[in-house]
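Input: a single structure, listed below in structure tokens.
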Amino acid sequence: LRVPFPWQEALCGYVIIVMALFWCTEALPLAVTALLPVLLFPLMNIMDSTTVCREYLKDTNMLFLGGLMMAIAIESWNLHKRVALRVLLITGVRPALLLMGFMVVTAFLSMWISNTATTAMMLPIAQAVMEQLHKSEVESGTTGQVAEHTNKAFELQEKSPESFKEPEEKGEWVVSCISFVPWDLGNSHVLTVEEETKRSEIEKKHMDLSKGMSLCICYSSSIGGIATLTGTTPNLVLQGQINDIYKDNGGIINFASWFSFAFPTMLVLLILAWFWLQILYLGFNFKKNFGCGTNPAAKAKEQLAYEIIKEESKKLGKMKFAEIEVLILFILLVVLWFTREPGFFPGWATVLFNKDNISYVTDATVALFISILLFILPSGFSNQDRDEEQTGAGAKFRAPPALLDWKVVQEKMPWNIVFLLGGGFALAKGSEESGLSAWLGTKLTPLQSIPHPAIAFLLCLLIATFTECTSNVATTTLFLPILASMAEAICLNPLYVMLPCTLAASLAFMLPVATPPNAIVFSYGQLRVIDMAKAGFVLNILGVLSITLAINTWASSLFQLQTFPSWANKTGT
């Protein structure tokens with residue numbers, strides 16, 4: 001039978017639709033679906049197998065691997081937990097400040113290690129603090145009730161112990177006792193109701209604070225990931241797609257430029273999320289939320305919760321030699337990333353490793369340099385691991401292990417993401433080779449009549465909705481090549497739509513299945529789907545508005561978004 005649409009564009013579109021369905025339904029594992037271009041593109045004469053396979057291990061993948069190795073080293077030596085507890089000791093445990101403390105720590109850690117690992121580490125700490133706060137609240141509430149509603153009848157009996165010996169001689173006592181019984185029973189009934197009311201109030205307050213604390217951790221882990229290029233995978237997908245589609249872009253998306261754009265956006269969204277969760281779960285009484293004018297009992301409860309964090313910090317002990325090494329390497333990595341090509345002055349890569357105006361060093365080079373050092377540098381001194389066995393003339397010394405072991409990397413590295421990234425690059429290349437990208441771009445030219453801020457807002461809203469039911473990596477992989485073609489067709493800077501949509505892919509706040517941090521928090525059983533949906537819906541809107549604001553203000557001047565760049569002009573007109 002003759003195929004009615006034998007064009008290459010249609011065949012490539014078919015592959016994209018099949019992969020989109022598989023990614024949405026997870027009929028196959030995400031990484032396996034990402035391998036379909038290796039099978040289908042050669043069979044459909046879109047690309048040869050060698051060219052397709054080359055797309056699966058590019059510079060962006062190596063940057064991802066290097067960044068993750070650094071994150072694994074930080075986790076292996078518990079450096080992230082030390083930082084988390086130290087910040088919580090600084091912020092304190094008053095409701096609003098406690099919420100802020102957990103959000104700041106979680107967002108900061110999520111900038112450098114995976115969102116899932118950050119959530120899994122922070123949630124048990126939050127649970128321990130919440131349990132201690134609840135225990136203190138219940139104990140102080142019970143004590144207060146006993147002190148306030150002491151049974152007067154028992155007090156009288158304690159004051160007249162001799163009356164028990166001769167009750168018949170003291171008619172007044174008998175009468176008094178008879179008259180006391182109904183009063184005592186009535187008071188007992190009132191006391192029970194008051195205690196029950198007080199206890200239910202305490203339970204409701206604890207449940208609301210627990211919900212707010214759980215949501216603040218999963219939300220801030222997703223928000224924090226957008227701040228750095230390696231913080232979450234969609235950011236790397238964008239960098240890879242830009243470098244793949246626009247080869248002469250001059251490295252416009254690098255660690256420093258991304259941080260300059262995304263970090264302020266992250267701060268705005270984090271502050272808005274803090275205010276929203278505070279209003280939703282702590283109420284409008286900001287004076288009470290910040291602990292102003294608290295009574296001694298409340299201060300005692302705060303002190304008990306503070307002691308838990310302090311005790312956890314003490315358990316870690318002093319910083320080990322290995323922790324100091326990892327911290328120094330981490331700081332060195334960030335400094336090298338920032339100063340490689342900062343944009344406002346010549347970076348070290350431009351000065352030292354530049355040939356014919358081409359920089360030979362990328363962010364991936366830096367990440368792998370530091371990663372290799374992790375496998376070389378020792379985690380201690382040889383005399384710390386002295387073997388008691390005597391061999392020959394003296395004691396046998398064992399060399400200390402390196403800061404990072406390949407076995408640990410093999411266990412903790414999310415290798416599936418490497419294939420996901422590769423599958424995305426293969427799709428983008430296939431769309432370009434088949435002509436599908438150009439065809440889609442021409443069909444989207446009517447958007448030229450819509451104001452640019454409205455385009456950015458609507459696209460962000462679309463991506464934020466789509467990412468609730470699909471992996472954020474799959475979302476960016478599917479949409480970014482299409483958005484690039486659309487921007488070219490209407491003579492709009494491609495970054496104007498690609499940057500905000502990449503950030504919007506991380507706005508997965510409404511459903512437990514939207515992202516692993518949400519699923520981890522939901523598994524603790526304190527949240528219902530409606531709780532997450534209610535909080536997440538408003539936060540999604542705030543997120544889209546924040547991103548739209550960012551792309552039309554500081555990002556516009558940073559990336560010159562108001563002009564159509566020469567590197568995006570493929571036709572030369």
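Each residue, glycine too, has its Cβ placed from N, Cα and C.
Some features that TrEMBL has for this protein:
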- 14-41: transmembrane segment (TRANSMEM)
- 62-80: transmembrane segment (TRANSMEM)
- 92-113: transmembrane segment (TRANSMEM)
- 252-277: transmembrane segment (TRANSMEM)
- 321-338: transmembrane segment (TRANSMEM)
- 358-377: transmembrane segment (TRANSMEM)
- 450-466: transmembrane segment (TRANSMEM)
- 478-497: transmembrane segment (TRANSMEM)
- 503-525: transmembrane segment (TRANSMEM)
- 537-555: transmembrane segment (TRANSMEM)
Quiz item: To the transmembrane segment (503-525), which of 14-41, 252-277, 358-377, 450-466, 478-497 is linked by the most Cβ pairs under 8 Å?
Solution: 450-466
Exercise. Flag the pair the transmembrane segment (321-338) / the transmembrane segment (14-41) as in contact if three or more Cβ pairs fall under 8 Å (sequence separation 6 or more).
Key: no
Practice problem: Rank 62-80, 252-277, 478-497, 537-555 by Cβ pairs under 8 Å to the transmembrane segment (358-377) and hand me the top one. | Solution: 62-80
Quiz prompt | Ranked first among 14-41, 62-80, 252-277, 450-466, 478-497 for CB pairs under 8 angstroms with the transmembrane segment (537-555) | solution = 252-277
Quiz prompt | Among the ranges 62-80, 252-277, 478-497, the one whose Cβ pairs under 8 Å to the transmembrane segment (14-41) are most numerous | solution = 478-497
Quiz item: Apart from its near flanks, which chain residues at least 6 from the ends of the transmembrane segment (252-277) lie with a Cβ under 8 angstroms of it?
Solution: 99-100, 103-104, 107, 212, 215-216, 219-220, 223-224, 226-230, 235, 238-239, 242-243, 337-343, 362-363, 495, 499, 503, 535, 538-539, 542-543, 546-547, 549-550, 554-555, 558-559, 567
